[in-house]
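Structure first, commentary second.
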Amino acid sequence: MPQGPSLAPAYSFLRACRSEPISETPIWIMRQAGRYLPEYRAIREKHSFLEVCRTPELCAEVTAQPIERFGFDAAILFSDILIPLIAMGVPIEFDPGPKIGTRIARRSDIAALEWSGPSSVAHVRPVVKAVKDRLHGRVPLIGFAGAPFTLASYLIDANGSKDLMLTRSFLSRDTEGFAELLDLLATATIDYLKEQIAAGVDAVMLFDTQAGWLPPAEFTRSAAAPAERILREIPKSTPTIYFALASSNGQLDAMRAIRADVIGLDYRVSLSQARAILGGSRSVQGNLDPAVLLGPPEQVVTRAEAVLRENGGRPGFIFNLGHGIYPETPVENVELLVSTVKRHRNSAGGVL
């Protein structure tokens with residue numbers, strides 16, 4: 001029988017997702033399993049990126065590496081947001097970043113995308129089960145997917161412009177065609193996340209890392225609306241996180257309509273201002289600049305403490321970076337970051 005989400009009230013991460021009062025500040029970081037870790041690089045010397053993603057034992061080992069080294073409060077499934085696109089027949093290679101073989105240039109190209117429902121991504125079930133077995137209940141497991149707008153941008157811009165010129169042009173000249181593409185990608189993402197939940201992930205996260213290129217009104221229509229459609233389909237018992245690299249007040253205001261339990265914050269956003277815009281009851285995650293971890297140790301401590309102070313001990317806070325960790329990051333700085341956050345308490349004693 002497929003497992004349901006193994007929600008455990010003792011997990012500080014899950015309690016923070018629900019904005020419950022807790023004494024400690026949970027911490028995990030985006031891309032916490034990856035190229036900055038020597039043990040990950042050792043595995044990649046022998047196995048391709050996709051082989052690691054798809055092989056249950058390898059994925060379990062890599063997902064658990066940062067938990068075993070640093071003691072993070074949550075694990076995130078080692079994978080990539082583009083995996084469902086491969087299931088749609090899109091040729092993609094990782095060397096080391098994604099190289100997309102074909103692109104969507106016009107509405108008629110959408111017909112080439114094939115989606116046969118949950119069976120297209122059923123391979124994720126044994127992978128999640130192996131990861132859960134490896135974690136052995138030490139921490140909750142986060143599943144994830146790319147949000148429709150971000151997936152669409154990869155399909156349209158492929159390996160092209162950095163400012164999504166082709167994507168924004170497509171959206172401008174063929175609004176209906178773009179909406180058709182978003183609808184297909186939303187359907188695929190719902191199936192993909194439900195497969196992960198059925199296999200046992202404890203929370204799910206939507207990554208919308210390209211949505212920041214949209215002005216607020218278009219962000220609402222083309223990023224927030226399809227993300228909201230997906231999140232409506234997720235069982236209420238499974239906490240949800242939405243993360244967009246989007247820093248304007250208008251974009252943050254648009255996120256208020258997204259029914260995610262947690263909003264992940266870009267490192268360019270003021271945490272306190274974001275809380276004011278999103279509403280006091282919404283949990284937030286973030287938002288240390290990942291570049292800080294490339295600097296001297298004293299700056300890691302100073303800047304981490306500044307983020308903690310800005311949150312001010314309020315419930316519903318998960319410490320993270322405001323984007324993924326850089327491959328060049330010294331492991332020692334990650335250790336220092338984790339120890340700094342774990343020394344912090346949200347109780348009457350206040351901040352550090």
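If you go along the chain as it appears here, the first residue is 1 and each next one adds 1.
Including glycine, each Cβ sits where the backbone N, Cα and C put it.
As written in TrEMBL, here are the features:
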DOMAIN    26-35  domain 'Uroporphyrinogen decarboxylase (URO-D)'
BINDING   R31, Q32, A33, G34, R35, D80, Y154, T209, H323  substrate binding site
SITE      D80  site 'Transition state stabilizer'
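Rounded to a whole number, the C-alpha distance linking R31 (substrate binding site) with D80 (site 'Transition state stabilizer') is 10 angstrom.
In this structure the residues listed as binding substrate are R31, Q32, A33, G34, R35, D80, Y154, T209, H323; their two most distant Cα atoms lie 23 Å apart. With the fewest other Cβ atoms inside 10 Å of its Cβ, the least crowded of the binding-site residues R31, R35, H323 in this structure is R35.
For the pair formed by H323 (substrate binding site) and D80 (site 'Transition state stabilizer'), distance between Cα atoms is given as 15 Å, rounded to the nearest Å. Note on the recorded positions A33, D80, Y154: the fewest other CB atoms within 10 A surround the CB of D80.
With DSSP classes pooled into helix, strand and coil, the tally for the domain 'Uroporphyrinogen decarboxylase (URO-D)' (26-35) is 0 helix, 1 strand, 9 coil. Spacing of A33 (substrate binding site) relative to D80 (site 'Transition state stabilizer') is 12 Å (Cα to Cα, whole number).
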